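Structure, as structure tokens:
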Amino acid sequence: MNPHAKLICTLSLIMGSSITISSNHWILAWTGLEINTLAIIPLISKSHHPRAIEATIKYFLTQSTASALILFSSLTNAWSTGQWDITQLNHPTSCLLLTMAIAIKLGLVPFHFWFPEVLQGSSMITALLLSTLMKLPPITLLLMSSQSLNPTLLTTLAILSALVGGWMGLNQTQTRKILAFSSISHLGWMIIVIIYNPHLTLLTFALYTVMTTTVFLSLTQIKVLKLSTMLISWTKTPMLNATVMLTLLSLAGLPPLTGFMPKWLIIQELTKQEMTPTATIIALLSLLSLFFYLRLAYHSTITLPPNSSNHMKLWRTNKMLNTPTAILSTLSTSLLPLSPLMITMF
């Protein structure tokens, strides 16, 4: 891809996200979402492979539908109440349409079918952008209008996302699809608490972004696209594979690591809201995700492939030095002791 075109697309992504996040008017927010969609499409289709073109078309159709629903929702609300402000969403039909539109944009269940396919057709860096940066504007819209939305509907979407995200990830062998279902599962955790504690949703999204970025950058560096490749990557970069394992366990939410913090705080918040059965259900559903994270961790470090050499490590390979990955992996695994500070920050 031409470097100038890549620069234009990247700047457009930043600009579109900034417009949506900073706007209070529905038309401006919609404009930012459209800029984002048009900027990411060349990045998805840059490899000129049939799978990439298919992913681009799927992404364009779903995002266009969601954008049309957002526009229709805001028009309905303006027609009924005379308000174009995002925080003044009072019409019930508008609230329902907006919830559907944001669910489509985020890839929440039952509107999730496009997301794993699009990630599978994209490069690793584009898949990282789709999993992190492209989720921020819709989540911001949901945060700003959260007090007007139906809590029962959001809770149902969240539990279904945690269930399907964990269930569908069990039989996957492609790392991008596994991380796509991981994203759907984490979105369920974010959405379930968005009405009761929006700051906790932001904290969860920030930590999810750090951990997912670490995993994607590490897998890009060791060139792993499927589980069978992960089996033979240990001999090339043992330290990086160990980092991937710890970050995956952190994504799973195991207690000594960073990923335990958001799940712990969300369960605590749901219990405060007298939603103990809901907290129990979503905590049990996280065990499904834990299984495929453990499978990835097992493949990355514990399983050793047959090796004709006497040396366990390929010492002749060039050592790869990547400072951002090192910093992100440290944040992904060791932020739990700083929980009180993180809570006060958000």
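Keep in mind that glycine also has a Cβ here, set from the backbone N, Cα and C atoms.
TrEMBL annotations:
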- 23-288: domain 'NADH:quinone oxidoreductase/Mrp antiporter transmembrane' (DOMAIN)
- 57-76: transmembrane segment (TRANSMEM)
- 96-115: transmembrane segment (TRANSMEM)
- 152-171: transmembrane segment (TRANSMEM)
- 178-196: transmembrane segment (TRANSMEM)
- 202-219: transmembrane segment (TRANSMEM)
- 239-258: transmembrane segment (TRANSMEM)
- 278-298: transmembrane segment (TRANSMEM)
- 290-343: domain 'NADH dehydrogenase subunit 2 C-terminal' (DOMAIN)
- 319-343: transmembrane segment (TRANSMEM)
Recorded stretch, among 57-76, 152-171, 202-219, 278-298, 319-343, maximising Cβ pairs under 8 Å relative to the transmembrane segment (96-115): 57-76
Remote residues contacting the transmembrane segment (278-298) - C-beta distance under 8 A, at least 6 residues beyond either end: 155, 158-159, 162-163, 165-167, 169-170, 172, 175, 178, 181-182, 185, 188-189, 192, 227, 230, 244-245, 248-249, 251-254, 263, 266-267, 270-271
Top partner of the transmembrane segment (319-343) among 57-76, 152-171, 202-219, 239-258 - counted as Cβ pairs under 8 Å: 239-258
For the domain 'NADH dehydrogenase subunit 2 C-terminal' (290-343), mean pLDDT (0 to 100): 73
